[in-house]
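*Asks:* Before I ask anything, let me first share the structure, which is written out below as structure tokens.
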Amino acid sequence: MGGKRWAAAGEYDELRELFRHHIESFDYTVESGLEIMFQSIKPVEIDYSTDKKLKISLSNPKVYPPQMEGVSKTMFNSLLPYECRQAKISYSGKFTADICFQYDKGPVIRDKINLGQFPIMLKSKLCHLRDADPQKLVACKEEASEMGGYFILNGLERVVRLLILPKRNYPMSMVRNSFRDRKEGYTDKAVTIRCVREDQSSVSVKLYYLQNGSARLGIWLQGREYLLPVGVALKALVNTSDREIYASLTSCSCETRERMKGVVGTQLVGERAKIILDEVQALGLFTREQCLQHIGEHFQPLMYELQKESYESVANSFIRDYIFVHLDNDYDKFNLLIFMVQKLFSLIDQTSVPDNPDSLQNQEVLLPGHLITIYLKEKLDEWLHKAKKLIIDEINSTTKKFDFCSLQDVKKVIEKNPARQIGAAVENMLKTGRLVTQTGLDLQQRAGFTVQAERLNFLRFISHFRAVHRGASFASVRTTSVRKLLPESWGFLCPVHTPDGEPCGLLNHMTSACRITSFFDSRGNIRDFFEIRKFIVDALIAVGMIPSLPKLVLAGPPEVIHVLLDGRIVGSVPSSEVKQVVAYLRKLKVSAASPIPDDLEVGYVPLSFGGAYPGLYLFTNPSRFVRTVKNISVADDGQNLELIGPFEQVYMEIKCPDGGDGGRRNEFPATHEEIHPTVMLSVVGNLTPWSDHNQSPRNMYQCQMAKQTMAFSSQTINFRADQKMYHLQTPQSPIVRTKTYGKYCIDEYPTGTNAIVAVLAYSGYDMEDAMILNKSSVERGMFHGQIYQTETIDLSEQSRKSDRGRSSFRRSVTDKSTHSHIDADGLPYVGQMICPGDAYCSIYNEVTNMTRNMVKKGTEPVYVDYVAVDVKNKKNLQKVNIRFRHPRNPVIGDKFSSRHGQKGVCSQLWPDVDMPFSGTTGMRPDLIINPHAFPSRMTIAMLIESIAAKVGSLNGEFIDATPFASSVADPNGDSTCESELLVDQIGSRLKKHGFNYHGVEVLYSGFYGTELPCAIFIGPVYYQRLRHMVSDKFQVRSTGTVDQVTRQPIKGRKKGGGIRFGEMERDSMLAHGAAYLLHDRLHTCSDYHVADVCSLCGSILTSTFIQPQQRLVREISGLPPPRAAKKVMCQSCQTNKGMETVAMPYVFRYLAAELAAMNIKMTLHLGHGAGA
């Protein structure tokens, strides 16, 4: 049986695809991303004197697999993820690098430094579980279907949330009111480009349009934006004449063809070009050298390392590091800047429309590996500069003996700035999701980068890896345009799977077919992007592209269309030939023999009248969304599947199986076809049976509720130490299921139960979505569940430094009362029931010779489910995990839901004898819901599920409920009609078994035994138990803790607090005229207080007690001693006359005291009767 069970190791391949982008991005980081990033970190130079100079740099980073110390310091054992979860430690490996010292031009001296611990992603190349088959995973105490993709930090599983970023290396035209605020004379229009270097760090450049017709290049430097005239930038890039710049800028404008298709320039472009060139002349700059001098002079104060360099080298360094950093060649930078200026002028003249930054075609994602790389680069940069500062301080210090030429002395100074904090900074960033950064790393937010991967159930866990967030900054924006579901995201983002409420439309989920491009090819080798780009350029030149270099003046649209490959203008293609070029590229993409990558994005924006700016944009870079479609324009030799991106999809003709010609005419034949309609839905969205028969909001509700379901949470529950885990005791596999269930192995973690549901208004207990549960079914185990809570007790953390190692687990010998709960080792008995207030663990302190008991808090009894001990410490046990089990069987008020967004609460648990029963089969329903749940919600699929599950139960088979099945042609090519496929087919099969065609049955009343007047719709429906339970929510209080200041009840369920009776509740009581109830709630049961008030001066604060004199009275035996009369006097009036006792809320007295502190006196006027 064991062999059989593990034979299907390949069944997890589809599931693995859902997590792949996380793992591949991390793999690339540790394999070559860190090496490339280290090479890009500039060395720091320290000048000691004119002839002595020290250069410090970093190289050769290495990350080791996670290891734990063995018996001796030299021996290491593999550290497995389950050990980290249980011991609450991080799954991380050693991170080292070489620090290189070079005096003047002498030899490079290398020294290894420890950069701390580097968090390791599960199932990545450095993880011990890599390539483990299900059998090995189980041996390593993991799930058989463990997919990885997350980090374990302090025992918690954290996943990097995918964030939407602007598409890299693509010039985007934008209109924003905030651009006007830059300076006087600026307009709301600009072209922006996010340039990404090879080491993944990015610099955004904006080209602003001015009201006078000129443009400015906006560059961010050290947290501020600096604006450079575009003419100065153009002249500084290339040694060229004004005439050539003018010709380049006006290459796309001509007065004669203004009405033609694809014209993007007007005669105004020439005027603007003159203004740009005149600005440069006004500054007295005529040559390239003068422009470089001008830039160097202005930017040298900002570039600390280049203070002693010439202005020209400062300018060259500035251009290299801040202007179009994705390009190395200045000619390429010049051509791209010309292209951006032309696009900006086209936007101004309204010959092209602005790009939508909220559209998926202009977006990509931030992957875990990229985030870690750019954050690590900044931290290493900071560390090097801090080391430089320490050495300079040491040189300038006169008190200490410091030899600059002694490497030993230099190392000692550097050690003051510990390198281990670099690994700790990365770990901290992943733990909290916060970036501690000065520059902002060209990202729009500083927090919310990681989330905890909750294992409430398997679907919730998967969703964390498929979620894509638009950005935390958009949550507070009042406009709704960011949240809109745009047609461009078809097939990439699920239209159904988004939460309702605040994150609606901002937190989306990728469709099941959507993938993200990576640095690895299909064979697992790192791609050589230089070779790929070279081959693409050669292929384009072969089919008629005119290369851009070395010519500067290029023709423009509409004669030719520019070709941009990853943000570099590689040439132009004549407009008449561009369609053939695109078709040729697509053919190369699909062909297996071609070195062109299969995920190349061929974004051809055609010529149009005032549409998007034309061009042929090719993208090969990682972090892009891609999905698979059939290419029907190439010969079908089994190689017709093509990966397309959102940028190219907008301009493609893709046929849907049920869409006919989609309204196309013969001029625009479809070139591609969808594989199946369900590719537009996410994994969770695909699990709803026949979701095409439901109202759309109900499918959205189901996507949320599927992630809140109590399910079979984990198969390795004994090797986990989750703080809170919900577990369904008796789950079942659904009879009616979609193909997605088998594809992604959802049956490994079932989420509900097939309950017999009757649709019937039976008593009044099923109104407003309430439902009646069969008590006998519940007693037999239906929907039984538990909550597991783990408590970790670490003595090394609890004790003070002096007492460390002196505490141990041991029960008290003298106090025998705890022996019934606590074993001799000081830990509880497994299976023991512990009530609130009972001791469950004893800690003995050797120093004080005292035993301290830990007492269970809470309001309900729990069971000790499992005790795990940390045996690493050989002397005394220092760390234990105690897991408590809270039984959670269904009670009145618990929440349930079907898979169609039909949620409701249990209103009654009725015994079997009171439930209606079937006349033919004698079956009684497990659950009764009200028929009024259907008409307004239109969840027809739930009714179909009921009759289909009946057929499935009778035939002993699973029913396929994949949505849109009726619209896909069967293998014979006939499109089956809907009525034949579903209702009629199911009905006729029911009839064969002797049941009613429509799924109704005659039921008899459980109370009277009489036949119910009409036939009742009854059948099995898969129901889910949600985690919202009364036992976790109820809040009750009679008396308890009060606030020290106001003496009112405190808030908070955990602390035994009360519920706030606020202003609106008060208003409703007044409206009802329930004045005494109001007085009771807000006064008597809250902060009732009797105060002594002086009626003479009206003061509440000046009353004092008079101590009565002790009278020598002989006590008479047998009688109680006489009670001394309490006397109160007013300190202000110096008399005890006129003192009255008044009942008031204590907070009123507190108000009087607060006012008195501000020198405001409050006077009370006392009187009797209502008119006082």
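Quick reminder: no glycine exception, Cβ is built from N, Cα and C everywhere.
From a predicted model like this one, the values you see are computed outputs, not experimental measurements.
Below are the features I grabbed from TrEMBL:
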- 18-399: domain 'RNA polymerase beta subunit protrusion' (DOMAIN)
- 193-365: domain 'RNA polymerase Rpb2' (DOMAIN)
- 453-516: domain 'RNA polymerase Rpb2' (DOMAIN)
- 570-627: domain 'DNA-directed RNA polymerase I subunit RPA2' (DOMAIN)
- 685-1055: domain 'DNA-directed RNA polymerase subunit 2 hybrid-binding' (DOMAIN)
- 794-821: region 'Disordered' (REGION)
- 797-821: compositional bias 'Basic and acidic residues' (COMPBIAS)
- 1057-1165: domain 'RNA polymerase Rpb2' (DOMAIN)
*Asks:* Summarise the domain 'RNA polymerase Rpb2' (453-516) by DSSP state, stating how many residues are helix, strand and coil.
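*Replies:* Tallied per class, the domain 'RNA polymerase Rpb2' (453-516) gives 18 helix, 10 strand, 36 coil.
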*Asks:* Which whole-number mean pLDDT does the model give the domain 'RNA polymerase beta subunit protrusion' (18-399)?
*Replies:* 91
*Asks:* Helix, strand, coil residue numbers for the domain 'DNA-directed RNA polymerase I subunit RPA2' (570-627) per DSSP?
*Replies:* 13 helix, 18 strand, 27 coil
*Asks:* Taking DSSP states H, G and I as helix and E and B as strand, how many residues of the domain 'RNA polymerase Rpb2' (1057-1165) are helix, strand and coil?
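*Replies:* Once the DSSP states are binned, the domain 'RNA polymerase Rpb2' (1057-1165) shows 32 helix, 24 strand, 53 coil.
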